[in-house]
Amino acid sequence: MQPPLRPPPSQSYNYSNSRGAGGGGGGGYPFDEFKVFETFMASYGSDTYGGGPPIYGGMPGMHGMPGSPMPREHLSEGNSPYVKSRYREDRDSRRERERERYREKEERRERDSYASDTVNGRSVERDGYRDSHRDSHRDRDSKHGKSNGKAGVSVVERKLPISLEEIFKGVQKKLLIKRKAFDADQKMITEEKILDIAVRAGMKAGSKFKFTGVGDEVSDGGMQDLHIILEEKPHERFTRDGDDLITTIDITLKDALTGWSSHVVTIEGSAIPVSHAGPTPPNWSTTFPDHGMPKAKSKERGNLVVKVNIKFPTSLTTEQKEKLKEIL
């Protein structure tokens, strides 16, 4: 709010209400009209004298100061201070959104540089954790044909079950796919295509093989992308934990109490002797280094972990119970 107009303490002025009558003081005491103008403008403020808002229309009671028309540029709504301010706010907001989108794009690109994928059948070594962390967010929107960010193009996922032995050795798979496409007459036809998939030794379940533009053709001419996801088949003897393999052997309660000796067969088919003398607790295990799955980018292998499952008797006679009480 502008401060009220007050003349200096040493002076007082009377103004008349008639335009152009200021030459005689507006009916009051004589005064210098230019001094009144300067005092008024300095108190109220304007673009010229006080830095405040411009004053239009003249001031009654001042000789030779008729009302002047408002400049044309100030009649334009686009040049008003309010509109300019709102335009600057919108512009700054748009720039901030663009910067935020750029930062997100760079973060995704950085995460992708550590991801674990195979693009168009060619192996790319990457870190598994970052791959799963990225895919948990990105693929949540791309599963089951949802948009992958490219106009008119979607991603379709298919699982490829592989045995643990095949993953251990590495294998070359050929996958026959059928896709829908439009012919020259824009009629829907079915095409067949064979994809070559190179499963590297030691690959983990969830690894992806990405093929661009080999899926169904959509109405606007785009082709779906196909992602083949590696899936491990259940194994009768082993479970996998990263690069380690875990196997369990059964022993009787008598063997658990008195000692036992056995052997385990590794993933490649060789036999390893394993034994334990004396009481064997239920949580007992032993580890054989370098007998697990191959490690990526390394000639090393994971561990083979052997656990026991103690087979307890389903029933005991009274005599057996008494003898056990005496012994234990």
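Cβ atoms are placed via backbone N, Cα and C, with glycine included.
Taken straight from TrEMBL:
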type: COMPBIAS; residues: 1-10; note: compositional bias 'Pro residues'
type: COMPBIAS; residues: 20-29; note: compositional bias 'Gly residues'
type: COMPBIAS; residues: 48-61; note: compositional bias 'Gly residues'
type: COMPBIAS; residues: 86-114; note: compositional bias 'Basic and acidic residues'
type: COMPBIAS; residues: 123-144; note: compositional bias 'Basic and acidic residues'
type: DOMAIN; residues: 157-313; note: domain 'Chaperone DnaJ C-terminal'
type: REGION; residues: 1-152; note: region 'Disordered'
type: REGION; residues: 276-300; note: region 'Disordered'
Review point. Can you give the mean pLDDT for the domain 'Chaperone DnaJ C-terminal' (157-313), rounded to a whole number?
Key: 91
Revision key, fill the gap. Contact set of the region 'Disordered' (276-300) with the rest of its chain, CB cutoff 8 A exclusive, min separation 6+ beyond the ends, reads 125, 167-168, 200-203, 240, 243-245, 251, 255-260, 266-267, 306-308, 310
Check your understanding: Using DSSP, how many residues of the region 'Disordered' (276-300) fall into helix, strand and coil, respectively?
Key -> 0 helix, 6 strand, 19 coil
